[in-house]
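Contents: one structure, followed by commentary.
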There are 2 protein chains.
Amino acid sequence: MRQRSDQFTLLVREIPLCIEHKAHGCNVEHFFSKYHPRTYHSYQILSDVKELDHLLKKAKSIMGKIEEGRKKFGFLNDKREPLLSYTSQQNAMKIALLEEKLRKYHDIIHNLQVQTAAKHKELPVAFVTFKSRLGAALASQSQHSLNPLMWITELAPEPRDVSWKNLAIPVRLLPIREFGVIVGAFLLTIFFAIPVTAVQGIAKFEKLKKWFPPAMAINMIPGLSSIVTGYLPSAILNGFIYVVPFAMLAMAKLAGCVSRSNEEIKACNMVFYFLVGNVFFLSLLSGSLLDELEEYLTHPRNFPSHLASAVSAQADFFATYILTSGLSGFSLEILQPGLLSWDLLKSCLCCSRKEKEAYLYSLPHARIIPFISLFLLIGMVYAVVAPLLLPFLIGYFCLGYVVYVNQIEDVYATTYDTFGLYWPHIHHYIIIGILLMQVTMIGLFGLKSKPAASISTIPLLLITLYFNEHCKSRFLPTFHCYPIQEAMENDELDEKSDELEVNYETAADAYCLPCLQPPDFLLASVSTSTQQLMRRLLVIGGIYSLLISPKSQFERNINEEINKVQGASKSCHKQV
Amino acid sequence: MRQRSDQFTLLVREIPLCIEHKAHGCNVEHFFSKYHPRTYHSYQILSDVKELDHLLKKAKSIMGKIEEGRKKFGFLNDKREPLLSYTSQQNAMKIALLEEKLRKYHDIIHNLQVQTAAKHKELPVAFVTFKSRLGAALASQSQHSLNPLMWITELAPEPRDVSWKNLAIPVRLLPIREFGVIVGAFLLTIFFAIPVTAVQGIAKFEKLKKWFPPAMAINMIPGLSSIVTGYLPSAILNGFIYVVPFAMLAMAKLAGCVSRSNEEIKACNMVFYFLVGNVFFLSLLSGSLLDELEEYLTHPRNFPSHLASAVSAQADFFATYILTSGLSGFSLEILQPGLLSWDLLKSCLCCSRKEKEAYLYSLPHARIIPFISLFLLIGMVYAVVAPLLLPFLIGYFCLGYVVYVNQIEDVYATTYDTFGLYWPHIHHYIIIGILLMQVTMIGLFGLKSKPAASISTIPLLLITLYFNEHCKSRFLPTFHCYPIQEAMENDELDEKSDELEVNYETAADAYCLPCLQPPDFLLASVSTSTQQLMRRLLVIGGIYSLLISPKSQFERNINEEINKVQGASKSCHKQV
């Protein structure tokens, strides 16, 4: 854990323009070498790379086509000379053309990278690397400018975790985007039940038979129709709920977080509130969430007793829910039906690239943590009302532990470390659970006509709220700070083993924009094998020009193309 | 402003014990010289000084008595020899005895100070001084230990602003104390109306006549009785409200803030909420605040319309209220009747010390700011409902400006700088005013049966709330941070004028506990003039012993006393 580049690096946003040089970059250099002269090392300014990104995508797609072609026509797979038939030569020609195109792109990309590096399109965002963790820790936790809207510093996320696109968003737009996302998530939570009930209404078996006559076949097998009518609504509901985390994640991506981990945490929060609204409250209560919300806003005093009576009535339902979700959820988690069908669909649509897409996904926190937190909440609320529910829950958590230990170790890839940043949010969910439990208790004592007990539970509620506030003010900041003591200890360990310099040099290189890395990888696969192919093509071309006279136009084209390609490759080699 | 000691100094709390030396002090030295080797200068650990404080108070009261006695018997005021009468000699004896007692106290205090300085009673709290503002700013904004409950650092308050007693309170008790204070302030706000109405009920003129027959005299002057019956209730109410800021300040002192400015800010907040509840809402609504609160909790949906109708009905009342409070409040502010009567009372009770107590008070923020904020709130709410109220308000603020510019410049002493720390709170009050205005608008549009306008105001309310949250997260931290840029600039200016060293040396000395300062000031007034007096007394004593034989017991006593005093003064001189 000591070799982390992010411990040496700061993310600095809203860098003002240097009036002298009309650039952001030199201002970073001036600023940090002035205020942190002993620890400042280097900076890496970000640039506007939309165009480059676009070109790189195109180049990559061409590269894909070339490889596809090669595999198809067997230029690379079998080492023997290709058949000198007309079609195979045409194919070779096609590939050569594509490769030439790729070379062109390579040149353009290279030029553009040089231009971008020459600071023409700087963004006011930079990664600043320090010579020690202590320096970075001290600088990250301080306010640098008198104006809190300038020189905003924070510890950089891990290099693999950085969300490069979002860094280009101006900081002043972030609150608006975030507000938009909150409103979107709120609307989704409130109005989610409407399309679900609509689809459930349409998908009734009787209606299905009318609109989709082949469904009558279900009647042929005895018992199947009852299973379909029984399970179809809940299957539809679960299908909708399955999609929600992805929708929330897509929304969170719009909020402009600096790292993917932050996006997932945001999505996780939104999914949790969604589940509390649409699973917990909707299961408890009759009517839509909007009606219930209105009811609570108009008569909040009835809320505890209303909740208590609903909770005690629905104990059986939640026991079943925990059992079924536990068994089905964990088995689905192991089988990964979503990914399986997604990959199947992909491979059917573009079967050739199947091998390339064998990508390991990371643990989908936004899909897993909110559900587990929801069950925790259910457990806490029912701990008072129906303690018999707890053994089911213990079974659920034990099974979950076994399943997820397996999944984390063997199935999912680690694309970034969470560094325990989910804990404050889980703490928050637990507090919400405790508050709901206490409200239920107030209602329950009221229902059992023990007003004294009911009233004396209210201070408990207030103390819980105050405890939450206290934790927020005292402990929450530590989740975003890198303590001086730890930074110094790690620095000392590194100095002992003479690794400090290596580490900060690595850190300085780690935050290079991915699309500014040398584009030679594009030509790597080409150049190793294509020089040979080119020569071969030239020979073939020569033979053709001698053999076939009526195709002179084609021949001329080929020659032109070959010349171009040669010229391009020369210039490319010079530049490289 | 550059010569501020607090810019060089950090307040560190919860210092762990050094295992080797069983002391907190050496741990501070180890810790900061390790993590800030270039900028750390020195530390000043706090000690448990309850006993010392007690002794110092006693010594001071003796000093007061001595001075009183001298003035009374004219030993100092008139330079001529005192009359050698029996009474005057007895008085001289008394003073000499008191002085001897004072010397004893001086010695004890000095010994205790030496003991305290020898680190026997260290508290885990220290002021750490740095060699530069930059070092202090960097260290103050960082988390030092992995455990957020240890090595808690913050920028120190001004030396004259430090609340020394509160620094002795363990940090773990602070949240409990704060919660207690919040609950106390809440209860005071809610139940304030009960004693007021009770007293108002008792103080009715008819009842007064029964219980206090001399009140009948009022009837003699025509018209006076109607004035009394008309103004008595409101005078009682205002009297109660006048006391509230002092009560809140006393409560805030219990919360354990590190500085007196923080105490005042806390009191200011509590008084503002008190006024919003007990002046704004109680004037608007019928019934007690508790009833109203219950009504809102049970039917929150009626709140906007209820508020809107009450607000529009009470426009005249608030216009009058602004006028009367403005005129009477500002004239009372200039006349200072409270302080006047308090001083009068004091001088009547202990008339001799009248001159000593001519103490300049600081601006009572907790009494002034909440009232002005309340008028701002009233203005904002009525800006929609009754804009004709605004001219009155402008008049009020103009008059207030003139009065307070005078008061701040000529009347009140500055005991500490506020450094704009009231601004975030005033911003908060303004936000509350805007929210109330928007709720009133929602209600008003509802009353005018324009539901579309009413509903479309709700997003405005949400956006205001979000704006407040955004300001909190973006701008609030800057009020407690000392920006690196400014620190460096000031350091450079100091270096240019070679003042940096002087400044941090001053800062290191500034945070000495007041009761650990050398106790010689106690003897200063004594020693200058008393050596002479002592010699004179010895002569008188000698004469007496020769002249009057029957008073041998008295004589012996005197001799003993004189010997004691001489011994004490010798040992004292050695130690000094």
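Each Cβ is built from the backbone N, Cα and C atoms, and glycine gets one as well.
Keep in mind that what you see is a predicted model, and the values were worked out from it rather than measured.
Copied from TrEMBL, the annotated features are:
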- B:7-166: domain 'CSC1/OSCA1-like cytosolic' (DOMAIN)
- B:177-445: domain 'CSC1/OSCA1-like 7TM region' (DOMAIN)
- B:179-199: transmembrane segment (TRANSMEM)
- B:239-258: transmembrane segment (TRANSMEM)
- B:270-290: transmembrane segment (TRANSMEM)
- B:310-332: transmembrane segment (TRANSMEM)
- B:371-404: transmembrane segment (TRANSMEM)
- B:426-447: transmembrane segment (TRANSMEM)
Most Cβ pairs under 8 Å with the transmembrane segment (B:270-290), selected from B:179-199, B:239-258, B:310-332, B:371-404, B:426-447: B:179-199
Using a Cβ cut-off of under 8 Å, list the residues of the same chain at least 6 residues beyond the transmembrane segment (B:239-258) that approach it. 11, 154, 157, 162-163, 166-167, 169, 173-174, 177-178, 180-181, 184-185, 188, 192, 195-196, 199, 264, 266-267, 270-271, 274-275, 278-279, 338, 364, 366-367, 370
Using a Cβ-Cβ cut-off of under 8 Å, list the residues of the same chain that are 6+ residues beyond the ends of the transmembrane segment (B:426-447) and lie near it. 272, 276, 303-309, 311-312, 369, 373, 376-377, 379-381, 383-385, 453-454, 457-458, 460-461, 464-465, 467-468, 471
Are there three or more C-beta pairs under 8 angstroms joining the transmembrane segment (B:179-199) and the transmembrane segment (B:310-332), sequence spacing 6 or more? no
Return the average pLDDT for the domain 'CSC1/OSCA1-like cytosolic' (B:7-166) as a whole number. 81
